[in-house]
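Data block below; observations after.
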């Protein structure tokens with residue numbers, strides 16, 4: 001009990017320190033580092049993606065100020081072409097290769113490139129397009145935006161003579177309009193095939209370096225941490241008051257609450273550091289992901305164990321223990337891999353294909369666990385009905401109703417998430433995308449609160465505990481009917497108790513046989 005209190009007090013101290021030490025913001029961006037990255041051939045051009053993030057408009061027009069401004073800054077950008085391409089050029093020539101940095105808002109994506117006579121779309125200007133569009137052959141086709149004539153932004157970087165490398169001058173592009181911005185480095189010259197690039201770009205919003213999609217989550221995790229802190233305080237207060245009546249199941253619930261609080265604090269710490277520095281530390285993010293995977297795994301195993309009647313209908317899980325541990329280990333591994341792919345080192349606002357691939361086993365295991373949980377819950381309810389244990393039966397009915405609502409809400413939200421992503425392929429609704437992630441944390445917390453309410457520590461906690469004497473579980477009404485007999489009522493009552501005792505033994509045998517079958 002003292003150990004649990006120390007954990008709770010430390011969590012409170014950490015949370016207060018984080019809230020006081022870091023300013024809460026709702027807007028943000030990051031730093032992208034490139035290390036010898038290769039240009040890829042796409043159509044008639046060679047492309048290198050530089051980043052994609054949601055950026056908010058600058059709050060200040062003062063170029064000397066850092067806070068309140070939003071911009072994309074190029075720092076130490078260097079390009080290297082192949083020795084073969086360099087040797088083909090004359091040492092005296094001024095311009096022997098052009099690379100262009102193109103920045104455009106997602107809404108203006110069709111303003112880059114064009115097609116001649118309705119044919120295949122080209123990024124670079126061709127002889128036919130030069131006649132039709134008036135573009136300059138060998139350069140990126142740029143059509144001015146309908147809302148801002150200076151956008152999309154195109155910055156030129158030239159190789160000179162037969163030099164192997166060229167360095168881009170430091171440049172800063174101010175952002176005056178909120179939107180999803182994309183950066184590409186493009187080479188239209190076929191001789192620049194095999195070019196690589198190093199350097200970094202700084203994407204800054206008025207409040208920091210956190211990507212726009214992630215920014216609202218930083219404040220959300222503070223609110224979730226406070227919610228978990230309140231739940232922790234209430235739960236441990238009950239813990240102290242009824243320490244002698246605590247069940248083993250309630251210890252498991254306390255562990256899940258503690259992990260939930262710790263996870264929310266770590267998420268806030270990760271996002272706060274990201275927002276201040278523009279870099280996402282792998283160690284901190286890996287810790288957050290691991291704690292989250294452990295918490296999700298234990299939460300699901302807790303619900304599964306409760307559904308099987310652990311501590312209520314059966315004292316242990318018996319032969320099912322190894323199966324439960326196996327599914328738990330498998331789920332932890334799948335969840336850990338998915339979260340590491342999605343979060344560790346991630347900066348861009350667009351998720352990769354790897355996430356979709358790793359999400360499939362995670363979704364399959366969730367579906368399998370849901371099926372197992374409801375199958376076990378159905379059997380537990382049947383046993384309680386057969387034994388006529390009304391107090392436990394009422395408890396499990398409330399629990400099954402809460403689970404049913406949670407599953408329906410999950411299916412509805414998954415449907416909405418699929419619709420949301422299918423109708424927004426270019427992440428133009430990035431400002432509301434954080435709700436997709438936040439919903440699952442909220443649903444998990446609400447379901448945990450329901451479990452805490454149903455199995456809250458109290459003076460009567462032991463009435464929900466497993467008991468070998470089934471006769472003690474009978475309703476008062478049934479007990480009274482047994483005592484209403486004639487002169488031979490005492491004899492019949494003894495017979496009835498013996499009968500009930502035998503029934504209890506046979507029920508236990510049935511439970512053990514059922515465990516073996518499962």
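Along the chain as shown, residues are numbered 1 onward.
Even glycines carry a Cβ here, placed using N, Cα and C.
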From 166-188, 189-211, 281-303, the residue range that TrEMBL assigns the feature transmembrane segment: 281-303
Feature transmembrane segment in TrEMBL, mapped to one of the ranges 434-456, 457-479, 480-502: 434-456
Given ranges 252-269, 306-323, 324-341, the stretch to which TrEMBL attaches the annotation transmembrane segment: 252-269
Annotated transmembrane segment segment (source TrEMBL; candidates 375-394, 395-414): 395-414
